[in-house]
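Colleague: OK, Swiss-Prot features for this one:
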- ASN482: active site, proton acceptor (ACT_SITE)
- CYS484: active site, cysteine radical intermediate (ACT_SITE)
- GLU486: active site, proton acceptor (ACT_SITE)
- SER153, ALA198, CYS199, GLY230, ASN482, PRO483, CYS484, SER485, GLU486, PRO683, THR684, GLY685, THR686, ILE687: substrate binding site (BINDING)
- 1100-1118: compositional bias 'Basic and acidic residues' (COMPBIAS)
- 1100-1120: region 'Disordered' (REGION)
Amino acid sequence: MKMNRHFTVPQNGESSTIQWTKRNSKITNPDGSKVFEANDILVPEDWSQVAVDILAQKYFRRKGVPKYLKKVQEDGIPEWLQKSIPDTEKLESLKPEDRFGGETSALEVFHRLAGCWTYWGYKYKYFSDEESAKIFYDEIVYMLATQMAAPNSPQWFNTGLNWAYGIDGKSQGHYYVDPSTGKLVKSTSAYEHPQPHACFIQSVDDDLVNEGGIMDLWVREARLFKYGSGTGTNFSNLRGENEPLSGGGKSSGLMSFLKIGDRAAGAIKSGGTTRRAAKMVCLDVDHPDIENFIDWKVTEEKKVASLVTGSMLNNRHLNAIMSACYEMEGEDRFNPKKNSSLKKTIQDAKKVLIPDNYIKRVIDLARQGYKEILFEELTTDWQSDAYNTVSGQNSNNSIRLTNEFMAAVEQDQPWNLYFRTEKEKAKVEGRKAKPSQTLRARELWEKISYAAWASADPGTQYHTTINEWHTCPEDGPINASNPCSEYMFLDNTACNLASANLQKFVNLETLNFDVEGFRYLCKLWTIILEISVTMAQFPSKEIAELSYKFRTLGLGYANLGSVLMVLGIPYDSQQAMAITGAISSIMHMTAYATSAEMAKEQGPFVGYAKNQKHMLRVIRNHRRAAYNAPSGDYEGLTITPIGINPAFCPSYMLKAAQEDADLALSLGEKYGFRNAQVTVIAPTGTIGLVMDCDTTGIEPDFTLVKFKKLAGGGYFKIINQSVPYGLKKLGYSPSEIEAIVNYCKGHATLNGAPVINTQALKEKGFTNEILEKVEASLPLAFDINFAFNKFNLGENFLTKNLGISKEIFDSPGFSLLEHLGFTKEDINKANDYVCGTMTIENAPFLKEKDYPVFDCANKCGKYGKRFLSYESHIRIMAAAQPFISGAISKTINLPEEAVIEDIKNAYFLSWKMMIKANALYRDGSKLSQPLNSVLELLNGIEIDDQEEIREATISKDPVQIAEKIVTKYISHRRKLPSRRAGYTQKAIVGGHKVYLRTGEYEDGQIGEIFIDMHKEGAAFRSLMNAFAISVSLGLQHGVPLEEYVDAFTFFKFEPNGIVSGNKHIKMSTSVIDYIFRELAITYLGRYDLGQVAPEDLRGDEIGSKRATAESNGQEKETLSSMTAVIEPTPKKEVETISYSQMISKEKPSSSPSGISLLEEVKLAKIKGYTGDSCSECGSFEMVRNGSCLKCMSCGSTTGCS
């Protein structure tokens, strides 16, 4: 093919000018610890820091890149395009550790990708001459550097490693079809033929151990996950539970095998180190195990709730029983008939159904001298052991719904389920299969809807619609999809994806869409994806053969939501639907026209001749949708697609869409097509951030105000850049736009603020120097109070200038502005002016009729009420679907208050509007997700242990109760020896020195504590001294240390934050929290309350279970001699505890930043995030991305995009 330049001009053999700069990349946890760091990396100057971080952290090759390279001569390949290998002679001059390293420049990555594609394209005659190859290379580098487009993640991971650096490895069992001979070949190298495909669909036979069977599928899946890809399978071939086996007996059923695959997937991280494995499990709606499949995740979520609750109850009650065994002397203490305290704790345990054998076990352990039970408390964090224990957490689940089933639901008809063997036998014998069970279709529909409402799964795939648009039905039906549901084709095929950044094609002066530029990009990236099929290797023989035979591609786009906002068009409008259809048609039909051009030179795909009439029928239907043809004109469709409505589409876009449709059909009729499919709409998770997209895939924006990451660290609040352009398009003046933008993001200054402004603060005693400090912090502040804290203003100013004592401004909940006499209403007004409302609703000058242009997926800010309905999402999907070969990956967000009827309506509307697949996510439908309404309902409602004891011991004889309490806590005070052992621990908590001293009994148990903070104020020091005496008296009267630990850990007040001087504890929420963490670690072995485990401090042993706790110069009993482990030694809690995990502990909690749990989650939600924490960097900047989550800080996803 002859290539022409469009974006570049020749310049000394390089692509057109791109400004480059050196940046540092650092991703940290909330506590400041490093996740990743790279310095002086070369990147395009206009890339955001987030894009730089993701490229450096995820897509740079970290090792194996030689410092010196040399070219490998190859006949017919120009020197600039030849492969490179390590130059061993030059490398020998370097120290061994300096010979290889990692990539340090974005240009290296772009060269690796573009060079590899160009090499394979030139080698197999995709270009008419060397000049065309050079143009192709330059244009691709330019598009990557300017963020116009990006390939899927496996391309970034794998493509070009062998071509650019000579990196190789042992073959992993892959296959490829030799393009020269067309013969299947087993790979001998891991990287010579890369694995660039992200999406796979695999089949599974009803066979346990043979090739193509169940256990073989897990091996094939593992091979895919290792190289960063995702896979989907329809498991309907597997027999249902109790279905007869050929050799006698009954089948264990589909679900038993799905649980094996789920476990295998959970053990593998995709791409080696970056993401969890991603997989899709599909099941036909007539499978005999369909009900169990629908309920799978609902049931497993219930198990998580049970595990979490049960672990906490067991821990509390079993340790209470253990403690009761030490409240008196002699053998009678183990007899509940003679030890009233033991009897009471056993009764309490039995009330909450603690197993009898565990109660007996604890008493037996107490007889043997054990004094504590280590029973791990599980949490609802999605990465916790509770979720790791249950099944179904490593796949997206979808049900294949036929038109027959949907009609049965509509008409309230019965629905038959069939044993697999019976269905197959009936097909062979040419008769109607006998059902194994008959249900009401609506009952099954109710189950599907409830499960999606309760657990966000299953999604739906509309089997009949999918197959009516199938280009190759002669080779079998489409049975499944990839994990994100955008790739839908034959079993044992693969698709590699790429997405265009639509925002780059909007002229920000004229606000017109650059049709020619977009067409050019679509053409080049169709060629790239086709070349990628030629160079690829695959995880099995079948996939290699069928992917070569059908050559499916997955070109798509991102940033549609931003484009619509820039053009001043509401996402939920007829105009948006028409423009979406036009853009999709231009992309889709340009890709097919390019495919036909390649077919002219390379020949059509192998399976084309057999399927020619079907494929041309599908292309004609695509063209009819571009012309908005009436329903009677379509061929072979039961549901009429949504065509491009000419009344709402700009004429130039409509003309282009129809021209491209005409061209694709005419070229296809003449030459055939090189590819069976060409387009999908992927979620563009990580690659969307690399392209600095505001919105991913076909999604709308999630918020109007963003927090831009700064190169030097920190964040800067900005308005979504689509907003000013959208306002301009709507006719607002520059001054009106400025006012609206400032209303949203804030003025970032006190000048002009209502009530709390520069003048008012000067009258309160603020100096010009201090006001400058406040002003400098306002652009970074999310709330005005953050600018008025002691760290920003300085303690000296607060005490000397404002006359506020340290005791006052150090007190919990202290607000300087309120202390100065400003009301909460004053503060809110000033906060809205300075920091913004984060919503456009009620903005000055903005007409209410223009509100819909700026509607987002979620409510914006704390005042926002508007958000896009589920119907609007479905309508946009319906507008794009007629111009997409595959499907659209999208999860529709529903608010927490959505009801099951909404789920039913959304899934039903999706079918009626000819969407191929859909998934819904109701806010809070996962137990692991923090939810505002739950937090607000339960905030402040904590369990008072003493009140609980009082209520539990209530009876008709109050005098008797009083006697028991006196007997228990007063009559048996245990005196400490006059000379006692103990230890002194010095630490600094939040910048304040703390000395903790302990006193011990002869047996090593703690009996007293002393707390010294001698530089603090007299009142605070005296309170701490009184507190220490109170605790000491309690310890001497038999109050177990663990009770204090449970009561006071996670207690929050200042000083708090970073802890230095303690080898196990690095972060605390208060001095009291620190003290009881330290005591728990030393005397109870509770290393889960520290951030550094003992094994992290030992260099020569791994996880010794008999680790010795050390005292001040005195060795204590080994842990195992006084602590019983009911379960294996508890897994240490990670330093960054998720919000759901913190809630589950039923203690006042805070984030490492010191902000309360409720406030932190509220802030995340107000900013438009979900409230979940990122598993990679710990930030709370997670947004929903297709059916997964994506971190806006580091780019990690919980799926395959």
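Positions of Cβ are set from backbone N, Cα and C atoms, glycine also.
Could you give the neighbours, burial and distances for every feature on this list?
Modeller: In the three-state DSSP scheme, ASN482 (active site, proton acceptor) is classed as coil.
Every protein chain shown contributes to the tally, and the Cβ of CYS484 (active site, cysteine radical intermediate) ends up with 34 other Cβ atoms within 10 Å.
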Colleague: Tell me the Cα distance separating ASN482 (active site, proton acceptor) from THR684 (substrate binding site), rounded to the nearest angstrom.
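Modeller: THR684 (substrate binding site) to ASN482 (active site, proton acceptor), Cα-Cα distance: 14 Å.
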Colleague: Work out how many Å separate THR686 (substrate binding site) and ASN482 (active site, proton acceptor) at their Cα atoms, rounded off.
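Modeller: THR686 (substrate binding site) to ASN482 (active site, proton acceptor), Cα-Cα distance: 17 Å.
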Colleague: Which value in Å gives the longest Cα to Cα span across the substrate site residues SER153, ALA198, CYS199, GLY230, ASN482, PRO483, CYS484, SER485, GLU486, PRO683, THR684, GLY685, THR686, ILE687 as recorded?
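Modeller: Across SER153, ALA198, CYS199, GLY230, ASN482, PRO483, CYS484, SER485, GLU486, PRO683, THR684, GLY685, THR686, ILE687, the two farthest Cα atoms sit 18 Å apart.
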Colleague: Reported as an integer number of Å, what is the Cα distance between CYS484 (active site, cysteine radical intermediate) and SER153 (substrate binding site)?
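Modeller: With the alpha carbons as reference points, the distance is 14 Å.
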Colleague: Between GLU486 (active site, proton acceptor) and SER153 (substrate binding site), find the distance joining the two CA atoms and give it rounded to the nearest Å.
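Modeller: Between the alpha carbons of GLU486 (active site, proton acceptor) and SER153 (substrate binding site) there are 15 Å.
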Colleague: What whole-number Å value do you get for the CA-CA distance of ASN482 (active site, proton acceptor) and CYS199 (substrate binding site)?
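Modeller: Rounded to a whole number, the Cα-Cα distance is 5 Å.
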Colleague: Look at the binding-site residues SER153, THR684, THR686 and tell me which residue has the greatest number of other C-beta atoms within 10 angstroms of its C-beta.
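Modeller: For the binding-site residues SER153, THR684, THR686, the Cβ with the most other Cβ atoms within 10 Å is THR684.
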Colleague: Which site among CYS199, ASN482, GLU486 has the most other CB atoms no more than 10 Å from its CB, taking these as recorded positions?
Modeller: CYS199
Colleague: Which of the three DSSP states, helix, strand or coil, fits THR684 (substrate binding site)?
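Modeller: The residue in question, THR684 (substrate binding site), is coil (DSSP, three-state).
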Colleague: DSSP secondary structure for SER153 (substrate binding site), reduced to helix/strand/coil, please.
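Modeller: In the DSSP reduction, SER153 (substrate binding site) maps to helix.
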